[in-house]
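**Q** According to TrEMBL, the record shows the following:
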| type | residues | note |
| --- | --- | --- |
| DOMAIN | B:21-60 | domain 'Pyruvate phosphate dikinase AMP/ATP-binding' |
| DOMAIN | B:67-389 | domain 'Pyruvate phosphate dikinase AMP/ATP-binding' |
| DOMAIN | B:452-532 | domain 'PEP-utilising enzyme mobile' |
| ACT_SITE | B:His484 | active site, tele-phosphohistidine intermediate |
| DOMAIN | B:548-898 | domain 'PEP-utilising enzyme C-terminal' |
| BINDING | B:Arg590, B:Arg646, B:Glu773, B:Gly794, B:Thr795, B:Asn796, B:Asp797 | substrate binding site |
| BINDING | B:Glu773, B:Asp797 | Mg(2+) binding site |
| ACT_SITE | B:Cys859 | active site, proton donor |
Number of protein chains: 2
Amino acid sequence: MTKHVYTFGAGQAEGKANMKNLLGGKGANLAEMNLIGVPVPPGFTITTEVCTMYNEQGQQATFDLIKPEVEAAVALVEQLTETEFGSKENPCLMSVRSGARASMPGMMDTVLNLGMNDDAVEGITKKSGNSRFAWDSYRRFVQMYGDVVMDMKPASKEEIDPFEEIIEELKEEKGIQLDTEFSTDDLKELVARFKAAVKKVTGKDFPTDPWEQLWGAVAAVFGSWNNDRAIYYRRMEQIPDEWGTAVNCQAMVFGNMGSNSGTGVAFTRDAGTGEDIFNGEYLIDAQGEDVVAGIRTPQEITLEGSKRWAKLQGISEEERASKYPSLEEAMPEMYRQLNDTQQKLEDHYSDMQDLEFTIQEGKLWLLQTRNGKRTGAAMVKMAVDMLEEGRIDEKTALKRIEAAKLDELLHPVFDTAAMKSATVLAKGLPASPGAATGQIVFFADEAASYPESVLVRTETSPEDLEGMNIAKGILTARGGMTSHAAVVARGMGKCCVSGAGAVKINYKTRVMTIDGKEYHEGDWISLNGSTGEVYEGKVSTMDPEMSGNFAKIMDLAQKFTRMSVRTNADSPADAQVARDFGAQGIGLCRTEHMFFEGERIKAMREMILAKTEVDRRKALDKLLPYQREDFEGILEAMAGYGVTIRLLDPPLHEFVPHEEANQKDMAKEMGISVEDVKALVDDLHEFNPMLGHRGCRLGNTYPEITEMQARAIIEAAVNLTQKGVDARPEIMVPLIGTVKEFKLQADIIHATAKKVFEEKGAKCDYMVGTMIEIPRAAMTADLVAEHAEFFSFGTNDLTQMTFGYSRDDAGKFLPIYIEKGILKNDPFQVLDQEGVGQVVKIGVEKGRSTKPDLKVGICGEHGGEPSSVMFCDSVGMDYVSCSPYRVPIARVAAAQANLK
Amino acid sequence: MTKHVYTFGAGQAEGKANMKNLLGGKGANLAEMNLIGVPVPPGFTITTEVCTMYNEQGQQATFDLIKPEVEAAVALVEQLTETEFGSKENPCLMSVRSGARASMPGMMDTVLNLGMNDDAVEGITKKSGNSRFAWDSYRRFVQMYGDVVMDMKPASKEEIDPFEEIIEELKEEKGIQLDTEFSTDDLKELVARFKAAVKKVTGKDFPTDPWEQLWGAVAAVFGSWNNDRAIYYRRMEQIPDEWGTAVNCQAMVFGNMGSNSGTGVAFTRDAGTGEDIFNGEYLIDAQGEDVVAGIRTPQEITLEGSKRWAKLQGISEEERASKYPSLEEAMPEMYRQLNDTQQKLEDHYSDMQDLEFTIQEGKLWLLQTRNGKRTGAAMVKMAVDMLEEGRIDEKTALKRIEAAKLDELLHPVFDTAAMKSATVLAKGLPASPGAATGQIVFFADEAASYPESVLVRTETSPEDLEGMNIAKGILTARGGMTSHAAVVARGMGKCCVSGAGAVKINYKTRVMTIDGKEYHEGDWISLNGSTGEVYEGKVSTMDPEMSGNFAKIMDLAQKFTRMSVRTNADSPADAQVARDFGAQGIGLCRTEHMFFEGERIKAMREMILAKTEVDRRKALDKLLPYQREDFEGILEAMAGYGVTIRLLDPPLHEFVPHEEANQKDMAKEMGISVEDVKALVDDLHEFNPMLGHRGCRLGNTYPEITEMQARAIIEAAVNLTQKGVDARPEIMVPLIGTVKEFKLQADIIHATAKKVFEEKGAKCDYMVGTMIEIPRAAMTADLVAEHAEFFSFGTNDLTQMTFGYSRDDAGKFLPIYIEKGILKNDPFQVLDQEGVGQVVKIGVEKGRSTKPDLKVGICGEHGGEPSSVMFCDSVGMDYVSCSPYRVPIARVAAAQANLK
């Protein structure tokens, strides 16, 4: 028979730490603490499976099933605490709390002081000798239970809580200001009025039977799994809906029973820095909620911490010691026990613990322990420290790294204090992490007008590239996490906030308007690329510390990885950054970005304007030396590693100006009429450029473009090889959908290479492969692999086409889709393994079916996202490639994937 | 050992008719004619496999292999004809002709009179007693061989043929005008000069050895498989490159040996009408090329045919009988033999034959027989007649129908004579067959300005629908075979020529310019939707005859089909047309077309302008009665059959005006400013609308739209059911990519249906299913099928996304792709089985894996294309759906698929 209820108490427990899936994190740790001799109030856990049953089969069937087990468990609690549920003499009071597999703090419901009624309050009065305490507990219980279980909520968000309303009324009647001024009789009056209100609003009597109370509370906790804020939190944290929550019922302990009682929270190490310093806060004569409420100032647990705190606050040692003594000073024995316990818990779990404790009349109780949340820096330090302390092995240290959090370590950040006092103007998407402060410019070619500028655009285009590189940060009004601005900015490691809808831009007047307020060119703003916030004025920043621990983690990643990590880089500088981060090769070098500077764009436009192959070749001849030079630089920067160079990909209209002023410039420069420029732009217009004349469709309609690019690459590689540089170009044909498209391009490349080798009398190594980014290419990958030497999955476009989403337009429905749970994640950020992943898998399998040693990688944005990297490992890819600043993240994720 | 050469002659043959793949069509039939006692000059066939070997392994290896067989075969021909290769006394002359599996008339090379040299010409002179004939044959041989084998071509297309140049020179020297005026000596001189020219240009002596001649000719024929025009023809007719051609070498017979010789072509039945009338043309004392050359007027074979011809030409019976006698009159015995032979051949092949014959000095020889090409009407009549004559069975009759050709029978056509004399202004794509003549209008809302109008647009949009329906035909300057204009026109059975690039339109001045010439509103033009030609002025048309034979073929299709055929129809009228053509249900009823007339578009725009759900619902309430009425009409017209109604699919910007004048109208009508209208249009703008906010993405962001449409459908069906009409709505959710998208929409539909049933106290049958048109939907079809009752594959969009092609933009590279052989067909016309087909197959298999009885159909344009229909049958679909006028084609293709 399945067991639904697991008891714990007095050093015994039916559960243990590794039963988190069944008992939830809290329940499993409560059991474990019992087993290792940490004092925990006795209680029991109703499993997460019961929650699932509750949601599927309803309350009646579920409670009928678990009733005997719950009754037995309550009996055990009564026995261990020598109390009795509802007793007038020795009543048993309980807490009922949620506890899911993953921590969801504050999202679900809790009921405290359960078991309280007119009899029990007398028992508590007798036991505590404190009738005010007893009645206050009773009052709190009715209020909490009425709210949580009986749904006594404000009628609308404009109205106040019905219980608070009664409290306010009574205060007025009594002429008092604070809750603490209520007398015991006042509290009795409140209990009476609360119950009457419940009856009036719900039509039901407030339950006096502790059992009825208990079942009501359990039902409320299960039900709260599906309240709006819990659902929202799960979406945010990617917690599956089907996990469910456990319910933990535990004997109450009270920190508010006088000066020998208290309550607090503590961390076994510093969650901000990772230092091995026990720290935390507590309050004497208080309940847990008082620590949070902020009415009283919590005190530090350790003397050292208390002194540091006082110094920061400007409080004298005298005042500190008298008014805010540490627990170490105030209750030395309790402190000793707590310190022993935290040591024991960290030793036991081998990880930094986040504890909750209560001291009831000189006895220490632990109410919770869990692995503590920490900053990226702390995460790295703790993992390395614990490895060096011998607490954990290398694999465990590596697993401790939440790869995505490494991002925090790689970009400049705002000074925390400065950020807190800054005015938030607008909020967009955290498109590229980091912090930027600068003066507003509206045009990319004016980015250099100020020493520190922030480029503000409705959206960016490839023409803006140079300016984006110069600006300190980029703010766009439109576009998502994978808009042009976002992708390019991440590639550059440049701070970017995209899609800030409140931002309206008038290019003519050079004014940005937010909520009616105008900002002009030259005004200072600051961007937080990690939160998406836009601040008014200057906010000071600080550089991140790249400590030696970071390097140690990278070494571990290198040791345990199967896949290698490459970078997406279009310049020698980017390549160098990525190499410093440990990238082993370039997975995607886009050649089109090389066409925008100075004379190049002119030659490119000549090529586009050319009516005949002869004229096109003339223009291409001008581009050849630029390209060759670029490739030499990049191949040299990544010497010894493969450099995947993608041939021209974007549609030609991206190389012509769409704004009238720029069209005039182009006409002048090219010596043609503005009408001709406009006609050209019109002719190049496409309804769906994403699905238009681009990629190898250009190379197949104008083979001379491919020929020029192949020549530039091969000449560059031969030149370097002759200089003794180990150049390894891998020429990649983009956007193929049929094997013939690839074959024709590959034939041109091979023929060109042969010609160059003959001309130069020297050779170089090179490979020819293709990007798999069109569903049809994956479906026919067996045919393609007969001719291609490598595949690189372009999962950006593959996601667009497999979903039928334009990432430039999806902003209109993607947020709603995520909110409604249609999608768990933005598929442009997290690879959709269910759908797109299948296409990738088919592509890899079919490709290897005809070429078993086919080299396979990924070069979409997903290559730097941990869960996507794990997927790439699982389908057997050889490498992932991502933007330089995500290389460390991908390296850790790749190693972790291999450890699984 | 593989046999490479198959001989035939004197009633014996190593091959037979069913060996077409190996011997080519011509070779197989030459063998077969021998076997059934038809007189055929002896010869042999070198197989198509040798051609493949020739192209893969080269000439030397191939000829070494087949040499012994060819020598033995030539020896047999010499023996049967009692001649000798290169003999001075009794020379053997041969023809060398290509012959592929499928007929490729005139595409490949031929050499006649092979074996001729200075010795042979003497032998021929002696045998024929006609030295002029002998030397003329020699002259012709050198000219033909020089051209075909020795590549003596004009130096450029501006220059004339080098042999013709010599002929002209000699004519000038001799002061003569015509070839026939050359004396025997002149012909000798020509032979000498020809040979000298060959030597000069090619540096090679003209070969005198008949064996060298033979191998040269065989090589030329094999080589000509890959000449440009043969490759082009194969693309056009979808003949695989790997088939190769056979080579047929045959003893020469001569129709130009005097008045008892002649040559001709004949058909066993009328290829235009299908009537069982033997017919054909011949010339006395002539060679095959003379019949084609048009210098002499060919005469009719039968007396009856001759009399009919004379009448049409206005020639008196006297003149006819003297100058143009029929073969029946001129050579009664030859006619009797030919008539017997044609009868024998038709009896034998049980199909209409296309014959070539030569009479040499009173002896009849058949040079070729093959199944004759025929018009759609003739095809139908012949199949039915032959079935009724007991020549073929029902299945064979059905297989005789080339489904696509039925199209010819379904649209009005131009009068043939009128069309010949018409001036062709421009050529576009044959987007929708038929003929249309009317006065030019440039705006859809002005289509009714003339009783007969032709709508001329750069491209059309859904706003133009009503006008397109009114116009007699549609001409667009842009857009392909699946552009809006083309798709809508085919659906309407309306003549359309799309993408006529030479057409330039100035909407402001209301002028169309073609090659500099202007055409104004009101000018008459005519469109041939079957050829893509645009004619000047009026060209008279005639209605097609829908004979009883057509119905008989449809009955056969019904008898043998497994799949049913539905139609894509948006109106009761369309539904009725399709029903008359035998459609069993509607596979796609688009609801958006219903939103454009009068008040509807206003309500639709109110809905789009609405800022809140409440306002949206108000506008939707106005649309509800219109929709309900539409659905009642269409469900009633298709009573007893399923009607698949697709919920709103296009992006909202299709419902707002993009032209300034119309924006002003809208502003006025809606009582808002033009700026507001423009802002709305801007806001709705998408970079890639194909991949944007449309389909169920609308229904999921604005669920109230789905609710309204579901209500309209269910209310309509309940109303009809109450009236005793068998209404069967199948509600289809468009553009799903995830199961949750479908589930949320299906939940709304079911909830709405429940509500309507309660309100009305009555029910109706209905189904809820989805369109599979996004690759991801197919990849996750197993999950989708858990909730969907049917799948309909939308292969238009599925092709767009699987290939990554925008069909609106693909015009820039698709033609080049087809020309280069990257694609065999336009994938929007012919379903790409290799790629898109795999996705469809995965979708069907996964869908049926969780719901074995899942109903599956197709509703893309491919549903009316025969090879695609066959594919649908092969993957087990239940039905195909196509535009009304393609229903008969689909029905025949479906039945043929089932017979395979």
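Cβ coordinates come from backbone N, Cα and C, glycine included.
Predicted automatically and left uncurated, TrEMBL annotations should be read as such.
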**Q** Under 8 Å Cβ-Cβ to chain A, which of the recorded positions B:Arg590, B:Arg646, B:Gly794, B:Thr795, B:Asp797, B:Cys859?
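**A** Cβ contacts with chain A under 8 Å: B:Asp797.
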**Q** In whole Å, could you give the widest CA to CA gap in the substrate site formed by B:Arg590, B:Arg646, B:Glu773, B:Gly794, B:Thr795, B:Asn796, B:Asp797?
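**A** Between the most distant Cα atoms of the substrate site, 15 Å.
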**Q** Looking only at B:His484, B:Arg646, the recorded positions on record, which one has the least crowded Cβ, with the fewest other Cβ atoms within 10 Å?
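**A** Result for the recorded positions B:His484, B:Arg646: minimum number of other Cβ atoms within 10 Å at B:His484.
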**Q** Please spell out the DSSP helix, strand and coil residue counts for the domain 'PEP-utilising enzyme mobile' (B:452-532).
**A** 18 helix, 30 strand, 33 coil
**Q** Quickly jot the same-chain residues contacting the domain 'Pyruvate phosphate dikinase AMP/ATP-binding' (B:21-60) by Cβ under 8 Å, restricted to those at least six beyond its ends, or write none.
**A** 2-15, 66, 70, 73-74, 76-77, 80-81, 94-95, 97-103, 218-219, 222, 225-226, 242-253, 341, 344-345, 348, 363-370
**Q** Within 10 angstroms of the C-beta of B:Glu773 (substrate binding site), what count of other C-beta atoms is obtained when all protein chains are considered?
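**A** Other Cβ atoms found within 10 Å: 28.
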**Q** Give me the non-local Cβ neighbours of B:Gly794 (substrate binding site): same chain, 6+ apart in sequence, Cβ-Cβ under 8 Å, ordered along the sequence.
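**A** Listed in sequence order: B:Pro734, B:Met771, B:Ile772, B:Glu773, B:Cys859, B:Gly860.
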**Q** Test of understanding: give the count of other CB atoms lying within 10 angstroms of the CB of B:Arg590 (substrate binding site).
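**A** For B:Arg590 (substrate binding site), the 10 Å Cβ neighbour count is 19.
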**Q** Tell me, roughly as an integer, the mean pLDDT over the domain 'PEP-utilising enzyme mobile' (B:452-532).
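**A** Mean pLDDT across the domain 'PEP-utilising enzyme mobile' (B:452-532) comes out at 86.
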**Q** Among all protein chains shown, how many Cβ atoms are found within 10 Å of the Cβ of B:Thr795 (substrate binding site), not counting that one?
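**A** Around B:Thr795 (substrate binding site), other Cβ atoms within 10 Å: 29.
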**Q** Determine which residues of the same chain, besides B:Arg590, B:Arg646, B:Glu773, B:Gly794, B:Thr795, B:Asn796, B:Asp797, have their CB within 8 A of the center of the CB atoms at the recorded substrate site, and list them by sequence.
**A** B:Leu588, B:Asp649, B:Pro734, B:Met771, B:Ser792, B:Phe793, B:Leu798, B:Cys859, B:Gly860
**Q** Which residues, sitting 6 or more apart from B:Asp797 (substrate binding site) on the same chain, put a CB under 8 Å from its CB?
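**A** For B:Asp797 (substrate binding site), the qualifying residues are B:Met690, B:Leu735, B:Glu773, B:Ile774, B:Gly860.
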**Q** Using DSSP, tally how many residues of the domain 'Pyruvate phosphate dikinase AMP/ATP-binding' (B:21-60) sit in helix, strand and coil.
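**A** Helix, strand and coil residues of the domain 'Pyruvate phosphate dikinase AMP/ATP-binding' (B:21-60) number 27 helix, 4 strand, 9 coil.
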**Q** Could you tell me the C-alpha distance between B:Arg646 (substrate binding site) and the residue listed as 'active site, tele-phosphohistidine intermediate' in angstrom, no decimals?
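**A** So the alpha carbons of B:Arg646 (substrate binding site) and the residue listed as 'active site, tele-phosphohistidine intermediate' sit roughly 18 Å from each other.
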**Q** In whole Å, note down how far the CA of B:His484 (active site, tele-phosphohistidine intermediate) lies from the CA of B:Thr795 (substrate binding site).
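**A** About 16 Å separates the two Cα atoms.
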**Q** According to DSSP, which of helix, strand or coil covers the residue listed as 'active site, proton donor'?
**A** coil
**Q** If you draw a 10 Å sphere on the Cβ of B:Asn796 (substrate binding site), how many other Cβ atoms land inside?
**A** 17
**Q** Please report how many Å separate the Cα atom of B:Arg590 (substrate binding site) from that of B:His484 (active site, tele-phosphohistidine intermediate), as a whole number.
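**A** Distance between the two Cα atoms comes out at 14 Å.
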**Q** Just the number: how many Å between the Cα atoms of B:Asn796 (substrate binding site) and B:His484 (active site, tele-phosphohistidine intermediate)?
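**A** That separation, Cα to Cα, works out to 12 Å.
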**Q** Specify the secondary structure state of B:Thr795 (substrate binding site) as given by DSSP, simplified to three classes.
**A** helix
**Q** Applying a 10 Å Cβ distance cut-off over all chains shown, what neighbour count does the residue listed as 'active site, proton donor' have?
**A** 28
